[in-house]
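Here the structure is laid out as structure tokens; the discussion comes afterwards.
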Amino acid sequence: MGSYLSSTTTPKTHRALELLIKLTAASLNPFDQKCRDLGLLIADRLPAVLGGDIVGTVVAVGSDIPASSGFAVGTRVVSQATGTPTSAQNGLQEYALADWPFAVGKVPDGVSDEAAATLPTAIVASLVGIFDALGIPAPWIEDGEAEAEAEAEAGFDYEGTTLIVVVGGDEEELKGLGATHVLDRFGGDEAVLGRIREVVGDELVYAFDTVNYPAGQVLALNALSGKKKGRLARLLSGKVDGDKVVGKEKGWELKDVFGSSHAHVELAKGFWERLPGWLEGGEIKTLGYVVKEGLDAEVVSGVLDAYRDGERVPKTVVRF
């Protein structure tokens, strides 16, 4: 178990564009379970430290990070680690490094360290899925006119109403995060497809599957418009049985999502720069979570085991 936890002392060096952080919180994700059990990224590089969502206080600033950046010793920050086990960035350890300016942001007053730790993996996957895989222009990259035009073309604006339709999950929580419709995911694909069609008709152009393996992605593909070319972004890759996708006159596309700030530097840089303001203004909200105390391998294993076993797992934050 100790292979993915560390209580090491301060790293001896850090590069010129990195911040050295004394960690106060880190969160766990299904990806950590897959790394542990399937060896993703770490199979040939053990021992490895898991945990890509990290929060803490800056204790040293790289020599090439300008003072005008606002990152100084004592600044509270949230960061997404690279996920590479040899990077000294991952979260289940006392100190970690963070790459400036594209993988770290300041935590504003009023947002706790634990709440901030719920953000990186979940939000960067959405960031990449929407603004890269689906091709919708990020508002900080394209001007407002281009953004509005892309939104209309994407089918978000349906009969004068902006629709964000989610299948499954807690309705109150999801609507609090911006969903306009939360649909029951039970009853089989035909029933769920019918519920989606009742809301969007035949106008859905973009979909994002964050849960299903390829066999289950057929539902989202069939929900796409039959008269317009649709696109599905997905977190889990693999071959889809195209024979089960019907009625798509203009065809459809699959786009795999790798939710890494380090793989999308320009996109991520604009996001992390603006994150504090969005948190303060309420445009971005942190997730609900439970807290586990300390770097305890048995506790972490229990959370990862629950992910493995398909249990309903609340977002779990390890507090140091």
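Keep in mind that glycine also has a Cβ here, set from the backbone N, Cα and C atoms.
The domain 'Alcohol dehydrogenase-like N-terminal' annotation in TrEMBL covers 18-96.
For the domain 'Alcohol dehydrogenase-like N-terminal' (18-96), residue counts in helix, strand and coil come to 12 helix, 27 strand, 40 coil, using DSSP.
Confidence in the domain 'Alcohol dehydrogenase-like N-terminal' (18-96), given as mean pLDDT, stands at 89.
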